[in-house]
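K.L.:
Pasting in a structure now, in structure tokens, and then I'll have a few things to ask.
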Amino acid sequence: MGKLVALVLLGVGLALVGEMFLAFRERMSASREVEPVEPENCRLIEELENGSEDIDILPSGLAFISSGLKYPGLPNFAPDEPGKIFLMDLNEQNPRAQALEISGGFDKELFNPHGISIFIDKDHTVYLYVVNHPHMKSTVEIFKFEEQQRSLVYLKTIKHELLKSVNDIVVLGPEQFYATRDHYFTNSFLSLFEMILDLRWTYVLFYSPREVKVVAKGFCSANGITVSADQKYVYVADVAAKNIHIMEKHDNWDLTQLKVIQLGTLVDNLTVDPATGDILAGCHPNPMKLLIYNPEDPPGSEVLRIQNVLSEKPRVSTVYANNGSVLQGTSVASVYRGKILIGTVFHKTLYCEL
């Protein structure tokens with residue numbers, strides 16, 4: 001009798017796991033393909049072959065690009081090369097990317113850059129904050145940008161017990177930033193199981209030298225984060241839930257959710273068009289192809305523009321879509337004066353004039 005009960009319980013358990021996995025495949029848009037939307041005047045950036053996971057652009061048109069991310073479960077075409085930060089001047093007629101030299105005693109061999117954010121101080125000094133994963137842990141590195149030398153000077157590393165599985169960051173003051181945690185578990189197997197079970201244990205935290213606290217929680221996988229031009233609102237992508245959370249920022253740095261915009265595709269990094277205030281979202285239309293990579297059937301790419309973000313009916317349009325023949329695994333898109341840079345987790349980078 002005991003064996004029979006055990007077999008029944010095992011069967012029920014397997015059935016439940018199977019049902020959860022099918023639901024997970026559905027959430028991951030396993031079978032979704034995209035209709036191509038491709039601007040005419042586009043070209044790939046030759047110097048960027050190993051990803052451009054995040055991009056942030058100065059008002060002057062200088063674009064910082066993080067490249068070479070090694071992330072558990074995702075492809076990487078240069079596993080033995082350390083990550084780099086590249087710079088592009090989008091004012092040039094044919095902009096090219098150059099890797100920035102890093103000085104100041106930083107361990108470049110362990111550099112594994114993820115999300116990035118620029119901060120311009122009152123004296124116009126430019127700082128670059130970078131989410132880093134040395135030994136697959138999470139830190140935030142602070143660099144000063146030397147424009148004349150086109151280089152970065154390492155200043156310090158920020159560590160904290162709440163800074164785990166950090167994905168992206170947006171800096172709003174000197175050593176004051178919001179950061180997203182994309183997985184509760186740091187073990188790659190448990191983090192996958194976490195997504196299959198649809199656990200909503202990830203969060204957004206606020207960091208400052210005086211205070212570190214969780215300011216928003218209940219995300220399946222908090223991913224990209226950015227701020228509105230007036231810094232009144234914070235936008236958070238929940239990649240597995242296929243949506244963007246619009247949050248109001250308070251004087252004490254707490255966040256209150258105002259609305260959620262459902263997009264029907266997995267949303268990665270977010271940027272804001274400085275000319276219009278629109279959100280640009282790098283998206284994964286068929287992310288199962290990222291998790292189970294096949295070069296003969298690669299993951300596609302998708303970039304969405306969300307207009308009238310605070311209205312009752314935001315307008316969503318497709319800026320770029322490709323089935324993977326040109327660009328695979330888009331993670332970010334950023335614009336500057338009618339030009340757009342589209343980055344990927346591990347693949348190439350596309351530059352278009354709109």
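Residue numbers in this text run from 1 along the chain shown.
Glycine is treated like the rest: Cβ placed from N, Cα and C.
Worth saying up front: this structure is predicted, and the values here are computed from it rather than measured.
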K.L.:
According to TrEMBL, which residue among Cys283, Cys352 is joined to Cys42 by a disulfide bond?
P.N.:
Cys352
K.L.:
Taking the Cβ of Ile116 (Ca(2+) 1 binding site) as the centre, count every other Cβ atom within 10 Å, in any protein chain shown.
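P.N.:
So the Cβ neighbour count for Ile116 (Ca(2+) 1 binding site) comes to 26.
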K.L.:
Which one is it: of the disulfide-bonded residues Cys42, Cys352, which Cβ has the fewest other Cβ atoms within 10 Å in this structure?
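P.N.:
Looking at the disulfide-bonded residues Cys42, Cys352, the Cβ with the fewest others within 10 Å is that of Cys42.
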K.L.:
Taking the Cβ of each of the recorded positions and counting other Cβ atoms inside 10 Å, which one has the highest number: Asn269, Asn323?
P.N.:
Asn269
K.L.:
Within the same chain, and leaving aside Glu53, Ile116, Asn167, Asp168, Asn223, Asp268, Asn269, name every residue whose CB is within 8 angstroms of the centroid of the CB atoms belonging to the recorded Ca(2+) 1 site, in sequence order.
P.N.:
Asp54, His114, Gly115, Val131, Thr180, Gly224, Ile225, Ala237, Ser331, Val332
